[in-house]
């Protein structure tokens, strides 16, 4: 339980209670989810007003300029009238009477002057308000001879004194008057010692009423609530600020109170665009229809299940018939069952295993000693070599498989074939090529290499020679220095070379370290 109270100088508007208690039950606060606001206790008394409507006969309506002019003429007498009427109302207690305003409007054959007068006794007791009100009612009762002499300045108004704007204003003379009196408050205040309605509420018929759900009021003393932004709503009545306006659940979401945080609608239910207050529960699909996933946002997601013999990825419409050699006996399925290899269906959309009929090899009637086998739900004839066709009834053309290589031409002869080979190829299938290196020599010790294809021989040259036929002599010292360890390369005839080694090195390419060799020999002798 939680108990709240207002600080000194503040009070609750709705009740005189000093404290209020709230109880949390089943996840919500009672009696309300929002604490009532405290408002300052006014130091001023509520205003007591005497309202009088003086009726001035008029043959026709008057223009706005004249109406404002009459109000100005009447207002010019307010100070003197305040003094006279205050004296009339005062006795044992001083009572102040003050004209607040005057407003003139056109009536039906009349002009009405509405005057607001404030009564404020120095002792705030009802009897002094009532006595002064009685005095004023007597003065404004035009039926009592002589009673209204003190207010003659507002009973007769000379329109000629109003500045002209093209048309003159007529003179007014009062015929009768109507009065009322009582306490009054400004807009947004209630009559409890001039208390403004707190935040979260507004003044309706002198009563502070909490803002309904979907609205808020963040200012005190107001007469209308503020609507929450589009797509938001409040959880309780009497919201104090726009922060209380929370996003509403919808479009496949819901929550216990219809507001965030939301959770997705379960399967086979949906919620549409957010409505006032949001979705507190999801709408179930109509009987016999289902959704494919969570969080569906409309009834269009509710689909009928696939019928037997059909399937879809979700098991719901739109569906496809089971393919050949498959079946599905159950509704709302995501795949079809395959018939055994020895059986087959006549068409698509098999609804039961009985749609899988045994394949009969006897009806195949294979020829030319072919063997009937059942493979992939159908009977096929396995033909012997040389025969083709659905039932092996055709003799296979021997040249159909292009058995000759290297451009050889296949010629059928009495159930077999022969290959007519092009030049430089031999063999039963022209698979053997003639050695093109026969009779070919490569100069300077080069070797002939017969590469695949026709006319593709190549000379492999010795070191120091290059070119297509190894006839070009290379300067090996300029192309790549073969001498190592800083040795100088000296070119010799026929592509040969000689290395001049630095001290401590020897060998054809200066690759031998003399000092290292000597050490190894001495080590061997010691052993």
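Using N, Cα and C of the backbone, Cβ positions are placed for all residues, glycine too.
Record features (TrEMBL):
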DISULFID  383-392  disulfide bond
DISULFID  421-430  disulfide bond
DISULFID  442-459  disulfide bond
DISULFID  461-470  disulfide bond
DISULFID  501-510  disulfide bond
DOMAIN    1-40  domain 'Sushi'
DOMAIN    357-393  domain 'EGF-like'
DOMAIN    395-431  domain 'EGF-like'
DOMAIN    433-471  domain 'EGF-like'
DOMAIN    473-511  domain 'EGF-like'
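Here the features listed in TrEMBL are painted onto the structure.
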{"residue": "383", "record": "disulfide bond", "DSSP (3 states)": "coil"}
{"residue": "392", "record": "disulfide bond", "DSSP (3 states)": "coil"}
{"residue": "421", "record": "disulfide bond", "DSSP (3 states)": "coil"}
{"residue": "430", "record": "disulfide bond", "DSSP (3 states)": "coil"}
{"residue": "442", "record": "disulfide bond", "DSSP (3 states)": "strand"}
{"residue": "459", "record": "disulfide bond", "DSSP (3 states)": "strand"}
{"residue": "470", "record": "disulfide bond", "DSSP (3 states)": "coil"}
{"residue": "501", "record": "disulfide bond", "DSSP (3 states)": "coil"}
{"residue": "510", "record": "disulfide bond", "DSSP (3 states)": "coil"}
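Below 8 angstroms of C-beta separation, residues 324-325, 339, 341-346, 415 of the same chain, each at least six residues beyond the ends of the domain 'EGF-like' (357-393), sit close to that stretch. Listed in sequence order, the disulfide-bonded residues from 392, 421, 442, 459 having a Cα within 10 Å of the Cα of residue 470 (disulfide bond) are 442, 459. Tertiary neighbourhood of the domain 'EGF-like' (473-511): same-chain residues 444, 462-466, selected by CB-CB distance under 8 Å and a gap of 6+ residues from either end. Cβ neighbour count for residue 459 (disulfide bond): 21 (other Cβ atoms within 10 Å of its Cβ, all protein chains included). Distances between the Cα of residue 501 (disulfide bond) and those of the disulfide-bonded residues 392, 442, 461 are shortest for 461. Residue 442 (disulfide bond) sits 29 Å from residue 430 (disulfide bond), taking the CA atoms of both as reference points.
In sequence order, 404, 405, 406, 407, 408, 419, 421, 422 make up the list of same-chain residues 6 or more apart from residue 430 (disulfide bond) whose Cβ falls under 8 Å from its Cβ. Comparing residue 461 (disulfide bond) with residue 510 (disulfide bond), their Cα atoms are 25 Å apart once rounded. In this model, the domain 'EGF-like' (395-431) carries an average pLDDT of 86. Cα to Cα, residue 392 (disulfide bond) and residue 510 (disulfide bond) are separated by 77 Å.
Using a 10 Å Cβ-Cβ cutoff, residue 461 (disulfide bond) registers 22 neighbours. Around residue 383 (disulfide bond), the same-chain residues at least 6 positions away in sequence with a Cβ under 8 Å from its Cβ are 368, 370, 389, 392. Separating the Cα atoms of residue 510 (disulfide bond) and residue 459 (disulfide bond) is a whole-number distance of 31 Å.
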